[in-house]
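Let me begin by presenting the structure, written as structure tokens, before commenting on it.
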Amino acid sequence: MEEKSLLQKLRSYPPAVFFMLGNEFCERFSFYGMKTILFIYLITEHEFSPSKATFIYHLFTCVAYLTPLIGSIMADSVFGRFKVGCFYFLFFVLYWMDSDAAAPTTVILYGSSIYVVGHILLSLGAIPFLSYALRSSLDFSGLFVIAFATGCIKPCVSAFAADQFTDDQKDLRSQFFSFFYFAINGGSLFAIIITPILRGRVQCFGNQHCFPLAFGVPGVLMLLALVLFLMGWSMYKKHPPSKENVGSKVIAVIYTSLRKMIGGATRDKPVTHWLDHAAPEHSQKMIDAVRGLLNVAVIFCPLIFFWALFDQQGSTWVLQARRLDGRVGYFSLLPEQIHAINPICVLILVPIFEGWVYPALRKVTRVTPLRKMAVGGLLTAFSFAIAGVLQLKVNETMELPPSPGRIYLQRIGNESLVTDFRFKNDGNLIGDGMLPKGRTELDAGVYTFNTGLKNESQEIDISIQNKGYVMAVFRLDHGVKVVKFDYKVEKTDNGATRVFVVTAKDDEDSLVYAINKKGKILSSCELRSGSYVDVIPGIISDPNVKLYWGPKNSCTGLDCPNVVTLNAQMGAVHVLHIHPTTTENDFNTLVSLSMPSGRLLSPPG
């Protein structure tokens, strides 16, 4: 018999399954799009510590993967996959309130809409001008709804799709699930790439992030998933539930066996397996099925460790990626996009392994699922060993915050001497009284100091703990000018390179422009101390940008008379001292991926 072509096989598929493929693609985009940016959202918007954000992230994941146990039992024994796939608990409520309301169309419409509501709640909670209490309520309500909804849908969609095939279409069903798996990974891949861009490359509500949009787009995709599901409504085969609670039967077999073993009721009856004690209360067929289930469960035990490591891609690996330079040549990656490696590898490597690698290996050895799992587990362990070595290197070079109760002070300017540097309150001299140029770590507080040879007394308030401060001391014709502003001692959240401006003479009629190699203005600010430009890298961009400045009524960027070149390292923060002869040497790095040098004046504590 002649082998059918792929197109001929596709024509033999039940039409309903194509709507299921589209539904699964959109639903996975919806889920992974939201989940990808969740960890960064908890850190930046809720200002949770990394450990607390990690806990909440994994708690959400735990609920999302625990509820399928409930959904699968309810689907098989109570409501059926079709109704449970549309949020079984709503059907349950509607059933008792109004049996007519529990019609399948109503359940689909209202049930799946609740999934969308979860995304709406998250999008509203991300609006920055709402109160924190309201935002928190919206966010965590949305997370709970999404976790519960996706968990209940997860075990039902694939089984419902399989129900559309007849018993004589086993080969088509097997092939369909290859497409189904690709739809899952395709949806997650696009979500992981797109939603971080919406989060970090789009600005809205006056914020450098646009979380409302980044959460809203997955919500739209979930709505599209519902529409696609409804479009195939008339074509679906809806099998009624069996009304048999398989889960309770499994528990009953195990309970009966243990009860008889502990009570000694079958002590005089030798058995080959401890589950055989469940006879005659349970059939031998059921006992054998439970024995097989437990054997498989033992095999799956190592998967607990695999998933415990694998799911850290969304938390600890993102945290590590935030501390790295996201540039790979001319490409720039946001921290959350580290997730994309997994679906990319799946989409590329699965066909390669199935088409070439496994057939070649089968010529020399057996290729079994257990061996695949073992190799995969070893590779996972090896990958985390590599990540651990990388983290050790990151710890050696990453930007460290000031010690508790202390600050960083970056001194620049043309004044050569800053002397008699001491606490204002107690008058104690700090070190030898000399404050050098560059970075110094100090106790937070108010200080006094003298400049030059004239002993001109100055005062500076640097009392906000764990901050970084820039102090510029300028010698002018009429005396001394001291400029001060603060900054965060951490990488920027959206991968931008931030350049602060400091100058002895503010000029609000002049502008500073950041311009890329193509001549596009990326950012601009007034020529005054403490203002800054952000260089946000594109997906593909040259790290070298130029800073131009001059009077805004006579130049608009490239035609400005003054220019310096900056290598825009993602997440770095610099300060540029602008004066008549500014060069690249006037950049001072405040935050970088390598630990800056500096002095420690007065030991911590």
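Using the three backbone atoms N, Cα and C, a Cβ is placed for every residue, glycine included.
TrEMBL labels come from automatic prediction, so no person has curated them.
Annotation source TrEMBL lists transmembrane segment at 56-74 (among others).
TrEMBL lists 80-97 (among others) with the feature transmembrane segment.
The transmembrane segment feature in TrEMBL is assigned to 109-134 (among others).
The annotation transmembrane segment is assigned in TrEMBL to 140-162 (among others).
Residues or ranges marked as transmembrane segment by TrEMBL: 174-199 (among others). Beyond the ends of the transmembrane segment (174-199), by six or more residues, the same chain brings 9, 13, 17, 20-22, 24-34, 36-37, 40-41, 158, 161-162, 165, 209-211, 213-214, 217-218, 221, 334-337, 339-340, 342-344, 346-347, 350, 494, 539 to within a C-beta distance below 8 angstroms of the stretch.
Among the features that TrEMBL reports, transmembrane segment is placed at 211-233 (among others).
The transmembrane segment annotation in TrEMBL covers 292-310 (among others). Outside the transmembrane segment (292-310) by six or more residues, the chain places 250, 275, 370, 373, 376-377, 380-381, 384 with a CB less than 8 A from a CB of the stretch.
Residues or ranges marked as transmembrane segment in TrEMBL: 340-361 (among others).
Within the chain, the transmembrane segment (373-392) has long-range Cβ neighbours (under 8 A, six or more residues past its boundaries) at 302-303, 305-306, 309-310, 317, 320. As annotated by TrEMBL, transmembrane segment applies to 373-392 (among others).
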Intrachain residues whose Cβ lies under 8 Å of the transmembrane segment (109-134), provided they are six or more past its termini: 30, 34, 41, 45, 83, 86-88, 90-91, 94, 141-146, 149-150, 153, 205-207, 211-216, 218-219, 222-223, 225-226, 229-230
Residues of the parent chain within Cβ reach of the transmembrane segment (340-361), under 8 Å, 6 or more residues beyond its termini: 181-182, 185-186, 188-189, 192-193, 313, 367
